[in-house]
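What TrEMBL records for 50-327 is domain 'ABC transmembrane type-1'. The domain 'ABC transporter' annotation in TrEMBL covers 366-598. Look at TrEMBL and you will find 46-69, 89-115, 156-182, 188-207, 264-290, 297-319 tagged as transmembrane segment.
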């Protein structure tokens with residue numbers, strides 16, 4: 001059970017710390033938001049000006065109402081008909097200002113929606129440009145969901161802030177201000193009456209939102225505990241049922257859920273009561289009672305007219321909606337700040353330096369010269385020196401955490417080593433541009449990534465200009481041609497959706513892609529480690545065709561799969577502890593242990 005579930009309610013000090021952390025994050029979010037909105041800042045200012053003009057015109061109906069009331073009441077008091085010309089003038093002015101107000105509001109929204117589209121395009125281009133210069137290690141260590149969220153969800157989260165908030169927030173500020181000014185111009189007592197209950201409403205809202213940031217953070221933490229317990233319970237259901245601990249696992253989830261329930265009620269109970277009382281202070285019935293009551297007294301005293309009271313009463317009724325709009329706008333502004341911060345973070349990952357000019361490679365020998373690399377403080381590769389000769393297969397093998405995968409990713413320049421140098425064709429990888437490098441180096445990974453494109457496009461990913469004959473030849477060599485032609489649309493079948501390929505089929509399409517790329521250096525993360533025997537045989541046939549004449553580096557997970565390698569390198573704790581072919585290593589302690597013949601040393605360092 002998480003420790004958090006066993007703790008009492010947070011102390012005042014804890015709540016203060018949470019509040020400070022939340023405030024700090026909110027400040028960073030707003031700074032990030034200002035940075036992202038800079039390209040459309042001028043447009044936002046223009047839209048706010050248009051919205052402000054539209055909001056000022058909102059006073060026109062109330063002015064027209066007062067004038068029309070005075071015309072009608074004056075005519076009635078004299079027993080005459082209202083002056084048609086005056087009535088017509090008021091109506092025309094009202095219609096004109098109403099049309100102008102709608103036009104300005106529509107124009108402001110149109111300007112902001114166009115700005116929103118431009119900003120989203122700018123942000124997505126900015127993110128994708130940054131992603132294109134980031135080391136490939138970033139994509140292996142960072143969840144793809146985080147990148148997707150930045151590109152799609154977080155840029156979309158800015159939509160309300162850009163397309164609607166400037167117009168709505170400006171209107172929510174200027175409209176009540178203009179209306180209140182007019183109400184005070186009509187009569188200062190009616191102006192005060194129209195906002196008589198608002199101080200109480202604002203005080204209750206301040207009480208309601210006190211420590212909102214800390215409480216929200218605490219709620220999210222407790223809700224995360226509930227989600228974690230549910231995931232643990234569902235994912236481990238087979239195990240807990242097998243060992244008879246279903247009741248205990250369910251109790252842990254129930255405890256977390258009840259803990260969240262108690263916290264939520266303890267927080268939301270007073271919150272809802274304060275909210276209900278606050279809402280009641282600006283309820284239409286109460287506002288009508290106060291404004292009409294005070295207005296009636298002033299009318300009776302002969303100090304104001306009926307039309308004046310009617311206008312200021314209507315003003316009082318529309319003011320609460322503006323406060324609600326501002327509250328929602330503030331909430332959306334905070335959410336947009338959090339989204340902006342995630343977008344900024346997604347574009348601030350360290351990038352690998354790119355040389356300006358292509359270089360000339362002298363062959364395709366790979367030289368690893370005294371290379372070391374760490375994940376934080378954890379040493380993953382420790383002073384490794386190794387040469388991969390063209391036309392040979394070198395296999396890296398070792399226990400989990402020995403550094404074999406890390407070393408292979410350094411050869412592919414997923415990251416740069418902390419110490420030492422890796423050279424391809426006599427040139428430091430850091431002096432080779434990524435475009436040139438990945439024309440020389442190809443990968444076939446355990447979990448091949450196929451895009452939502454046609455089979456032909458997936459195979460020709462590295463060579464879009466390849467002819468259909470070349471694509472088919474690569475598929476034949478990879479032992480996947482017949483299965484492709486059996487698909488509904490053959491090579492034009494779009495992968496994903498209703499097209500479900502087996503792991504072995506996906507692997508062989510990836511091998512066909514590598515064959516067509518024809519890169520002289522090949523890195524294989526043992527492609528048959530997770531496949532069934534039949535698929536393993538066909539994949540091995542495809543690999544046999546793929547490795548001919550290339551500089552090949554294999555990450556091996558099963559020793560029997562690399563018996564035929566020209567050289568086998570045994571790693572442990574990031575260091576080379578043995579190397580040679582299978583015959584040379586047959587009696588070596590660590591290599592034998594990998595075959596299960598002797599106990600092996602293992603480590604928990606990163607792979």
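Heads up, the Cβ atoms here are built off N, Cα and C, so glycines get one too.
Any TrEMBL annotation is an automated prediction that lacks curation.
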> Sequence-remote contacts (6 or more beyond its ends) of the transmembrane segment (89-115), Cβ cut-off under 8 Å?
Replying inline: 40, 43-44, 46-48, 50-51, 53-54, 57-58, 60-61, 64, 67-68, 71, 162-164, 166-167, 171
>> Can you work out which residues elsewhere in the same chain, 6+ from the ends of the transmembrane segment (188-207), have a Cβ less than 8 Å from its Cβ atoms?
In response: 180, 274-275, 277-278, 281-282, 286-287, 290-291, 294-295, 298, 303-304, 308-309, 312-313, 315-316, 319-320, 323, 327
> Against which stretches of its own chain does the transmembrane segment (297-319) lie, if we need a Cβ under 8 Å and a gap of at least six residues from its ends?
Replying inline: 62-63, 65-70, 73, 175-176, 179-180, 182-183, 186-187, 189-191, 193-195, 198, 282, 284, 287-288, 290-291
>> Give the nonlocal contacts of the transmembrane segment (264-290) in its own chain as ranges (CB under 8 Å, at least six residues past its ends).
In response: 9, 193, 196-198, 200-201, 204-205, 207-208, 215, 219, 313, 316-317, 319-320, 323
> Going along the chain, which residues at least six beyond the ends of the transmembrane segment (46-69) come within the CB cut-off of under 8 Å?
Replying inline: 87, 90-91, 93-94, 97-98, 100-102, 104-105, 107-109, 111-112, 115, 166-168, 170-171, 173-175, 178-179, 182, 186, 305-308, 310-311, 314-315
